[in-house]
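> Annotated domain 'Flagellar basal body rod protein N-terminal' per TrEMBL: 3-33, in sequence order. The domain 'Flagellar hook protein FlgE/F/G-like D1' feature in TrEMBL is assigned to 77-122. Positions annotated as domain 'Flagellar hook protein FlgE D2' by TrEMBL: 155-271, 272-382. As annotated by TrEMBL, domain 'Flagellar basal-body/hook protein C-terminal' applies to 457-499.
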Amino acid sequence: MSFNIALSGLQATTQDLNTISNNIANASTSGFRGGRSEFASIYNGGQAGGVGVMSTSQNFSKGGSLTYTGRQLDMGIQGEGFFVLKGNDGGAMYARAGMFHKDSQGFITDPVGSRLQGYSVNATGRLQTGNVGDLQVQTASLAAKATTEVRMVSNLDARVDVISPTSVVPFDPTNNDSYQAIETSTVNDSLGNAHVVNQYYVKTAQNEVTVHYTLDGTLLPDQTTLKFDSNGVLDPTTTKQPFDIVMTNGASNLKFDINFDKSTHYAAKYNTFNPKNIDSYHSIGTTSVYDSLGTEHVVTQYYVKTAPNEWTVNYTLDGTLLPDQTTLKFDSKGILDPTTTKDTFDLTLSNGASPLKFDINFDKSTQYAAKYNNSSLSQDGYTSGELKGVRLDDNGMLYGTYTNGQDQLQGQVVLANFSNPNGLSAVSNNAWVATNTAGQAIIGSPSTGTMGTVTGGYLEGSNVDTTAEMVNLMSAQRNYQSNAKVLDVNSTMQQALLNAI
């Protein structure tokens with residue numbers, strides 16, 4: 001009986017040595033879970049029968065440490081869960097080792113070609129969480145997207161003075177920057193001689209325009225002030241300018257009227273702003289927008305304080321002045337009036353692209369006693385780009401990164417969990433397969449339910465404690481030697497008995 005007991009001890013210890021040596025051999029294996037031999041005593045009819053290995057359990061309660069690799073498709077799980085793989089035979093496998101790469105078709109696979117499973121995206125880039133399938137990175141170029149909205153949060157300096165239209169550039173008929181428009185008329189004197197009258201329009205106040213005149217190039221002392229209401233309609237008391245000019249050519253005095261009635265509505269829109277004159281605006285900002293072909297265009301915003309708590313924003317596109325203007329109004333606390341936060345543009349381009357339609361939104365902009373600044377500036381357009389890499393966030397979202405600086409969602413890695421992970425059966429290549437003992441696989445997104453997080457660019461190491469395994473090895477060695485000694489003693493006793501017969 002003692003012989004059989006010692007023999008069972010040798011057999012059990014041999015299995016334990018196999019487990020320990022396997023742990024030590026896989027101490028550097030990514031995602032490996034250390035095993036433990038679980039012994040059980042054997043009794044036959046109340047008589048001691050030795051020992052046996054009841055099972056070899058795996059340690060799923062302790063995770064391995066994450067090591068940075070810098071490889072874009074390396075993934076490490078922190079917490080519970082397993083990567084879901086589809087083997088070459090189509091069967092499901094589960095792994096903690098996150099050593100993945102992209103194959104020639106863009107599928108994410110492990111070193112032996114098993115495909116990583118996850119949620120895919122549809123043609124519009126929306127995540128499809130209903131079905132789990134092979135994760136694939138689309139290698140095609142990312143098409144250009146025309147800008148539809150520009151959002152900016154700016155502070156306009158409340159301390160600056162209102163720019164008076166007349167203070168920008170004093171009127172001078174020889175200086176094109178000193179007036180906003182010019183019209184020419186021809187008049188005849190009493191001798192029939194023709195004379196040229198030029199009218200120069202200068203915006204001198206809100207809804208007010210001053211008209212200067214020259215006769216044959218000589219500046220006249222006469223001026224006309226045209227006043228308009230908020231709708232641009234001319235004040236009827238300011239519609240006519242009479243002239244009585246002494247002539248030097250022997251002709252009678254040149255007497256005539258210039259009547260602006262119904263002809264000067266446009267004058268209400270004359271603008272003293274000139275992008276080439278830095279004295280005609282306070283601050284300047286720029287942003288890039290993109291047309292349907294992916295061509296970049298530069299929109300420049302020029303901020304002009306036109307009244308207390310009121311600013312006019314003028315625009316140029318690629319250096320060309322646009323007719324659009326935005327009026328921003330602020331209250332006494334520097335908060336923007338919500339009715340003046342947005343302007344819409346519809347620009348015809350000459351490069352064959354579709355009309356460029358976008359909004360500029362000034363929501364949350366302020367007017368405080370501080371220097372002008374843009375604390376936030378964004379727009380939703382971009383040029384075309386080529387795939388240059390991939391990245392992964394903690395929720396398992398897989399993005400393609402492109403040469404135009406854009407990221408595009410390619411899918412989401414899913415994880416699986418089991419009610420009894422120890423019921424999983426280990427197979428080659430750092431994987432497990434499900435059994436009835438493990439229970440039904442629970443599939444879900446990282447960071448949801450009992451699922452851990454997934455970290456890109458890291459690998460989870462083995463959870464084997466090499467020091468502890470060396471101690472276990474020495475203990476197993478002593479156990480083996482002790483059981484071998486029992487066999488030796490038993491053999492000696494049997495030999496002594498045989499010698500006595």
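Yeah, the Cβs are placed from backbone N, Cα and C, and that goes for glycine too.
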> Apart from its near flanks, which chain residues at least 6 from the ends of the domain 'Flagellar basal-body/hook protein C-terminal' (457-499) lie with a Cβ under 8 angstroms of it?
2-3, 5-7, 9-10, 13-14, 16-17, 20-21, 23-24, 26-34, 59, 62-72, 74-78, 96-99, 392
> Given a Cβ distance threshold of under 8 angstroms, which distant residues of the chain, six or more beyond its ends, lie next to the domain 'Flagellar basal body rod protein N-terminal' (3-33)?
39, 42, 48-53, 56, 58-60, 64, 95-99, 426, 430, 459-464, 466, 469-470, 472-473, 476, 479-480, 482-484, 486-487, 490
> Could you give me three numbers for the domain 'Flagellar hook protein FlgE D2' (272-382), the DSSP helix, strand and coil residue counts?
6 helix, 62 strand, 43 coil
> Please work out the helix, strand and coil residue numbers for the domain 'Flagellar hook protein FlgE D2' (155-271) from the DSSP assignment.
15 helix, 53 strand, 49 coil
> Could you give me three numbers for the domain 'Flagellar hook protein FlgE/F/G-like D1' (77-122), the DSSP helix, strand and coil residue counts?
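Grouping H, G, I as helix and E, B as strand yields 0 helix, 24 strand, 22 coil.
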> Within the domain 'Flagellar hook protein FlgE D2' (272-382), what mean pLDDT does the predicted structure show?
92
> Helix, strand, coil: count each for the residues of the domain 'Flagellar basal-body/hook protein C-terminal' (457-499), based on DSSP.
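Output for the domain 'Flagellar basal-body/hook protein C-terminal' (457-499) reads 34 helix, 3 strand, 6 coil.
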